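S.K.: So that we are looking at the same thing, I have put the structure below in structure tokens.
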Amino acid sequence: MSASPLKVAVTGAAGQIGYSLLFRLASGSLLGPDRPIELRLLEIEPALKALEGVVMELDDCAFPLLSGVEIGADPNKIFDGANLALLVGARPRGPGMERSDLLEANGAIFTAQGKALNEVAADDIRVGVTGNPANTNALIAMSNAPDIPRERFSALTRLDHNRAISQLAKKTGAKVTDITKMTIWGNHSATQYPDIFHAEVKGKNAAEVVGDQNWIENDFIPTVAKRGAAIIDARGASSAASAASATTDAARDWLLGTPAGDWVSMAVISDGSYGVPEGLISSFPVTTKDGDWTIVQGLEIDEFSRSRIDKTTAELADERNAVTQLGLI
């Protein structure tokens, strides 16, 4: 067992996603059975008592890999020396709130967290943002952490990616492990574009295997894009366990690398690839190695895909303009 634990900070740690996520992290789902983990858990003051209860449960699991837990409400204390920060906590949209209100409320949270990460996180920090609106929250945190390389920030579109794989497997009768090269483009919102035109089912082009453009356009894409709303409708609460699982998947692949011959979807800072304006945090197909990601290049984008990428990118640009006007970036 490696001597030095990975210091993992989790925000919103007493929330629904946090509750599912912490036990995955502590059990070794992130880096396997040989690397201990130290959890550093951030919550707002009113939730600290509930978080103490979660820590009691973590203690009761006697996880061999869990080397320590620290909790608190001060990001400068909790992020101190963190190697990985998973920003799960965010202000949910309440009754009567406009989207601009949501952006402003979360802006304050992610501004403070970005500044704290900039001051006290470890030199090798990687920051994954799960709390919504994830792409723009990541942009705000990144903009407030000028000393951390911009490539170290990513927003979660892995849940959408996993949802897309599951739907394609169901349609084709394949196993999820048979499906490679799935891509989510754009925003983690209803405008996202799940793209199967470069995906493969057992090495064959997925769109050709499906052979049904109507299903792709009118069933697959809206099912993936609106899956979160469907889960709320069915269970009366938002998807938490699946979001925690995707958060773990995304962090693991970022740190340990993607398999040969495959890629994953991550929302990362655009360099202008595929016509996505530079500086937006948008989902792309990426490969990862040694903690760094690279956008997959050279994919052909047809008119059908182009219009959908442009639509979700326009929404991201609108969100960036809104938080710029609010003075958050």
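If you go along the chain as it appears here, the first residue is 1 and each next one adds 1.
Using the three backbone atoms N, Cα and C, a Cβ is placed for every residue, glycine included.
I grabbed these lines from Swiss-Prot:
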type	residues	note
BINDING	Gly12, Ala13, Ala14, Gly15, Gln16, Ile17, Gly18, Asn106, Gln113, Thr130, Gly131, Asn132	NAD(+) binding site
BINDING	Arg93, Arg99, Asn132, Arg163	substrate binding site
ACT_SITE	His188	active site, proton acceptor
S.K.: Looking only at Gly12, Gly18, Arg163, His188, the recorded positions on record, which one has the least crowded Cβ, with the fewest other Cβ atoms within 10 Å?
M.R.: Arg163
S.K.: If you count other CB atoms within 10 A of each CB, which of Gln16, Gln113, Asn132 wins among these binding-site residues?
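M.R.: The residue with the most neighbouring Cβ atoms within 10 Å is Gln113.
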S.K.: Among all the protein chains here, how many other CB atoms are within 10 A of the CB of Arg99 (substrate binding site)?
M.R.: 12
S.K.: Could you check which of the recorded positions Arg99, Asn132, Arg163, His188 is the closest Cα neighbour of Gln113 (NAD(+) binding site)?
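M.R.: Nearest listed residue in space: Asn132.
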S.K.: List every residue in the same chain as Gly131 (NAD(+) binding site), at least 6 positions away in sequence, whose Cβ is under 8 Å from its Cβ.
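M.R.: Within the chain, Gly131 (NAD(+) binding site) has Cβ neighbours under 8 Å at Thr11, Gly12, Leu87, Val88, Gly89, Ala90, Asn106, Ile109, Phe110, Asn137.
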S.K.: Near the residue listed as 'active site, proton acceptor' in space, meaning Cα within 10 angstroms, which of the binding-site residues do we find among Ala14, Gly18, Arg93, Arg163?
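M.R.: Near the residue listed as 'active site, proton acceptor' by Cα: none of them.
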S.K.: Could you tell me which of these binding-site residues, Ala14, Arg93, has the greatest number of Cβ atoms within 10 Å of its own Cβ?
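M.R.: Comparing the binding-site residues Ala14, Arg93, the most crowded Cβ belongs to Ala14.
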